[in-house]
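Undergrad: Shown below is the structure under consideration.
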Amino acid sequence: MHFNSLALASLALIPSFTEAHGDVPGAPKIFGRRSTLNGVRRARTGASTFHPAISEVHHKRQASTNTDGQCGPGFGSCAAGYCCSEAGWCGKGTDYCAAPGCQFNYGPACDDNTIPPGSSTSTVARPKLGNVLYGGAGIYDCTVAGTIAITYDDGPYIYTDHVLDVLKQYNAKATFF
């Protein structure tokens, strides 16, 4: 009886070994560093870290007629209106097009390539606040065991200063991107 309870409790822990923003939609990152988990995923799927130049991707998109074949690095892009799934196949629907798994550089119809409705915010000023690095020079992994990285996909905005003040009260840091 105790063995069965222990086995069931062990199975309940399996979902906690997942990675958020790492191609598992809706799954929280609870265990592991991004670089470690990415290495495991690349080994499992044979994926590479090759990222072609934007002009190269754009050219491949325009020339593609691929609607049901392989796509992604080394294979090229899908046809207009099609998505390149996380597994590297062209198709339509949420299995192919949903972010964050859709390879938007190779699938023109991926959710990430869709401009949301409403007015454009591209001209809204986003002045740099503080000394946090922007763009590709930002923080990607926690380097100290037991730390948690908090990121916000927003700002700076009218409430940014208040959020930073609250974080400062608790000696906490966050990254806005």
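Here, residue 1 is simply the first one shown, and the rest follow in order.
Just so you know, glycine gets a Cβ as well, placed from its N, Cα and C.
Taken from TrEMBL, the feature disulfide bond covers Cys78-Cys90, Cys83-Cys97. Feature annotation from TrEMBL assigns domain 'Chitin-binding type-1' to 68-112. Taken from TrEMBL, the feature domain 'NodB homology' covers 146-177. Here TrEMBL flags 1-20 as signal peptide.
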Undergrad: Fewest other CB within 10 angstroms, which one of the disulfide-bonded residues Cys78, Cys83, Cys90, Cys97?
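TA: Cys97, out of the disulfide-bonded residues Cys78, Cys83, Cys90, Cys97, has the fewest neighbouring Cβ atoms within 10 Å.
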Undergrad: What is the separation, in Å, between the Cα atoms of Cys78 (disulfide bond) and Cys97 (disulfide bond)?
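TA: Pair distance, Cα basis, whole Å: 11 Å.
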Undergrad: Helix, strand or coil for Cys97 (disulfide bond)? Use DSSP.
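TA: Where Cys97 (disulfide bond) sits, the three-state DSSP reduction gives helix.
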Undergrad: What kind of secondary structure is Cys90 (disulfide bond) part of, going by DSSP in three states?
TA: strand
Undergrad: Quick check for the class: what is the C-alpha distance, in angstrom and rounded, between Cys97 (disulfide bond) and Cys90 (disulfide bond)?
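TA: Computed Cα spacing between Cys97 (disulfide bond) and Cys90 (disulfide bond) is 9 Å.
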